[in-house]
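Chemist: Pulled the feature table from Swiss-Prot, pasting it below:
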- ASN89, THR139, LYS143, ARG261, HIS293, SER345: substrate binding site (BINDING)
- LYS141: active site, proton acceptor (ACT_SITE)
- LYS167: N6-carboxylysine (MOD_RES)
- LYS167, ASP169, GLU170: Mg(2+) binding site (BINDING)
- HIS260: active site, proton acceptor (ACT_SITE)
- LYS300: site 'Transition state stabilizer' (SITE)
Amino acid sequence: DILAAFRVTPQPGVPPEEAGAAVAAESSTGTWTTVWTDGLTSLDRYKGRCYDIEPVPGEDNQYICYVAYPLDLFEEGSVTNMFTSIVGNVFGFKALRALRLEDLRIPVAYVKTFQGPPHGIQVERDKLNKYGRPLLGCTIKPKLGLSAKNYGRAVYECLRGGLDFTKDDENVNSQPFMRWRDRFLFCAEAIYKAQAETGEIKGHYLNATAGTCEEMMKRAIFARELGVPIVMHDYLTGGFTANTSLAHYCRDNGLLLHIHRAMHAVIDRQKNHGIHFRVLAKALRMSGGDHIHSGTVVGKLEGERDITLGFVDLLRDDYIEKDRSRGIYFTQDWVSLPGVLPVASGGIHVWHMPALTEIFGDDSVLQFGGGTLGHPWGNAPGAVANRVALEACVQARNEGRDLAREGNEIIREASKWSPELAAACEVWKEIKFEFQAMDTLDK
């Protein structure tokens, strides 16, 4: 069975048992009345079952309801069908004040029907020939308005300065100021020029997201013809059907696939209604993607540390034990489905580097947009500052130093022999994003 943990807030007067049973029925075989065709099938075989209910600590009228769905209810290899069944209609139920899908346990038999990420963490490292450290990226800014040639120039400067990747912003598709084909050509030129100068393999996340699947595939095919290593997709706005199609193409044609989660906070930010991001992350690993944005813990975007590390493990590891202290409701066995690199991006700069290295470890992408392009000396010095800070943090960690306690000192020491890093440290020494997270663990 697929197991689901729902956070249920019933309307006043509705018992939790009735609410849990209604969720199980509506998301499987039930309807609002008895129908004569019920007698033509075995409802006992196909119906969802609410098998446990527990009150949420510290909340008045809120419960975690556990529902089991027989595997026969789901089409093999289809995240689209899985979500249509489990969350398709039930969230509009009048008997419920609010409903949130907190977690899913995907059984081994169902996991094996999915290709998953096009390549996974180890294959990506082998393709890039980069080991023993997080990868470094940068989102090109301003996100909208640059011509293709100026955009390509910014890509070149960042890659030449020491970054591994640069990135299209999620809303860069094919607008009047910069059509996709022009952008792809100038970015490919920038990649090859930077590779020739640095001797390192470089990449730019070329956003293939489009209004139709056919147009999306046309862009991915052109990227492959240019010989670039990676393309990008906005998987929630583009949809799981399009994403899975693109992931299959990427595996067949040797392209890495970067995934942006644009629109996720509409779905996952409210604590009592929607779908938790750990579910969207699991779904992405099944649908296919080699990177996905996962929050930063320390930057400008939502994300409590324990919760973030919980779904980071669900993205990367092969077997994850149930751990309610990190929001993981079920033990998950991925049976060697390739892992996904979490991408930390959003309001981060060089002073965050020790914390990011300590929190996310080597198998991650640390992505600095404003934290690269906002450097007072330009894009290439901004990239140099980030690369020096990262190398210093990795070296200090490997020497046994405590990044959590000594992080600022490590950055200061490195800045003494890197004027680019020293300038970055001065610019961003006062920048902090100290707001309470909306989505917190139940105490």
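Note that Cβ sites are derived from N, Cα and C of the backbone, with glycine treated the same way.
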Chemist: Of the recorded positions LYS141, LYS167, ASP169, HIS260, which one has its Cα closest to the Cα of ASN89 (substrate binding site)?
Modeler: HIS260
Chemist: Using the Cβ centroid of LYS167, ASP169, GLU170 as the reference point for the Mg(2+) site, which residues of the same chain not in that list have Cβ within 8 Å?
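Modeler: For the Mg(2+) site, the extra neighbours are THR139, ILE140, LYS143, ASP168, ASN171, VAL172, TYR205, ASN207, MET232, HIS260.
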Chemist: Any idea what the Cα distance is from SER345 (substrate binding site) over to HIS260 (active site, proton acceptor), rounded to a whole Å?
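Modeler: Here the two Cα atoms lie 10 Å apart.
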Chemist: Taking the recorded positions one at a time (LYS143, LYS167), which has its Cβ surrounded by the most other Cβ atoms within 10 Å?
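Modeler: Neighbour-count leader: LYS167.
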Chemist: Based on the record's binding annotation for substrate (ASN89, THR139, LYS143, ARG261, HIS293, SER345), what whole-number value in Å is the widest Cα to Cα distance?
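Modeler: Max span of the substrate binding residues, Cα based, is 37 Å.
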Chemist: Measure from the Cβ of ASP169 (Mg(2+) binding site) and count the other Cβ atoms within 10 Å, all protein chains considered.
Modeler: 18
Chemist: Could you measure between THR139 (substrate binding site) and ASP169 (Mg(2+) binding site) for me? Cα positions, answer in whole angstrom.
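Modeler: Taking the Cα atoms only, THR139 (substrate binding site) lies 6 Å from ASP169 (Mg(2+) binding site).
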Chemist: Using a 10 Å cut-off, grab the number of neighbouring Cβ atoms around the Cβ of LYS141 (active site, proton acceptor), all chains included.
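Modeler: So the number of other Cβ atoms within 10 Å of LYS141 (active site, proton acceptor) is 16.
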